[in-house]
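Enquirer: This is the feature table in Swiss-Prot:
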- Asp82: active site, proton donor (ACT_SITE)
- His83, His180, His208: Zn(2+) binding site (BINDING)
- Gly181, Gly209, Ala210, Ser211, Asn230, Val231, Ala232, Thr233: dihydroxyacetone phosphate binding site (BINDING)
Amino acid sequence: MYVVSTKQMLNNAQRGGYAVPAFNIHNLETMQVVVETAASMHAPVIIAGTPGTFTHVGTENLMALVSAMAKQYHHPLAIHLDHHTKFDDIAQKVRSGVRSVMIDASHLPFAQNISRVKEVVDFCHRFDVSVEAELGQLGGQEDDVQVNEADAFYTNPVQAREFAEATGIDSLAVAIGTAHGMYARAPALDFSRLENIRQWVNLPLVLHGASGLSTKDIQQTIKLGICKINVATELKNAFSQALKNYLTEHPEATDPRDYLQSAKSAMRDVVSKVIADCGCEGRA
């Protein structure tokens with residue numbers, strides 16, 4: 001079985017002291033880059049898609065593509081709903097075969113966040129689907145969800161335990177100073193807060209907004225309990241900038257099979273670096 005749940009992946013990472021990267025993909029080419037690189041490095045990876053990606057590609061198409069590529073490369077892959085907010089949307093995708101979900105109700109007050117997440121957990125666990133939820137909010141924009149930096153807030157360690165116990169989630173996304181998008185300056189991550197959260201919560205912890213973080217910061221968060229690292233913007237930026245450069249230098253280019261190669265190569269460099277930073281090479 002090559003398409004797997006994230007639950008076992010993250011539990012293995014927690015025991016092994018490494019993290020599994022979740023790469024946001026958008027089309028066939030970005031999927032190829034992630035899977036080919038992961039297979040060559042024998043690394044566990046999660047294929048993540050926002051609601052916009054699932055709409056763009058089509059849920060059934062995306063599921064079929066992940067399954068086909070996992071079999072082609074004899075490499076286990078997990079497909080994950082990233083930053084999904086609507087119960088009916090999640091339910092439809094779970095019934096289509098998705099086995100890993102992030103329900104993002106972090107914009108709601110604490111009690112309502114618990115209620116919304118528990119509803120999703122109760123449904124998903126009937127299908128053996130793992131559920132991630134977020135406590136605290138990251139600044140920046142992910143798909144159509146935007147949070148002003150002034151409105152972002154950090155995860156409360158004591159509330160984190162209550163949240164985990166009340167909802168029954170399988171992994172917890174924490175807010176410790178990262179943001180969606182690229183950073184204008186290096187973020188000041190609250191490592192002491194992360195260490196405190198780890199003392200209160202024994203679940204695999206998830207770090208969103210990792211695009212542009214230094215190797216040192218990523219590896220320090222892993223030492224303090226992060227088991228899943230989300231990367232999106234850095235992939236898009238590398239892919240699109242390389243494509244722009246190529247078409248500027250080769251205005252006569254018309255064959256996507258040719259001009260997309262430079263974009264894929266640039267994105268591949270990012271994927272391989274993140275895998276190395278996460279310490280998961282050879283862990284698949």
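Positions of Cβ are set from backbone N, Cα and C atoms, glycine also.
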Enquirer: Which residues of the same chain, at least 6 positions away in sequence, have a Cβ lying under 8 Å from the Cβ of Ala210 (dihydroxyacetone phosphate binding site)?
Expert: Thr178, Ile218, Ile229, Asn230, Val231, Val274
Enquirer: Among the binding-site residues listed here, His83, His208, whose Cβ has the fewest other Cβ atoms inside 10 Å?
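Expert: Comparing Cβ neighbour counts within 10 Å for the binding-site residues His83, His208 gives His83.
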Enquirer: For the binding-site residues Ser211, Thr233, which Cβ has the most other Cβ atoms within 10 Å, all shown protein chains included?
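Expert: Per the Cβ count within 10 Å, the most buried is Ser211.
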Enquirer: Tell me which of the recorded positions Asp82, His83, His208 ends up closest to Thr233 (dihydroxyacetone phosphate binding site) in space, Cα to Cα.
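Expert: Comparing Cα positions, the candidate nearest Thr233 (dihydroxyacetone phosphate binding site) turns out to be His208.
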Enquirer: How many Å separate the Cα atoms of Gly209 (dihydroxyacetone phosphate binding site) and His83 (Zn(2+) binding site)?
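Expert: Taking the Cα atoms only, Gly209 (dihydroxyacetone phosphate binding site) lies 12 Å from His83 (Zn(2+) binding site).
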Enquirer: How many other Cβ atoms sit within 10 Å of the Cβ of Gly209 (dihydroxyacetone phosphate binding site)?
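Expert: The answer is 27.
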Enquirer: State the count of C-beta atoms found within 10 angstroms of the C-beta of Asn230 (dihydroxyacetone phosphate binding site), not counting that atom itself.
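Expert: The answer is 26 other Cβ atoms.
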Enquirer: Rounded to the nearest angstrom, how far is the Cα of Ala232 (dihydroxyacetone phosphate binding site) from the Cα of His83 (Zn(2+) binding site)?
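Expert: So the alpha carbons of His83 (Zn(2+) binding site) and Ala232 (dihydroxyacetone phosphate binding site) sit roughly 12 Å from each other.
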Enquirer: Check the DSSP secondary structure of His83 (Zn(2+) binding site), expressed as helix, strand or coil.
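Expert: SS state of His83 (Zn(2+) binding site) = strand.
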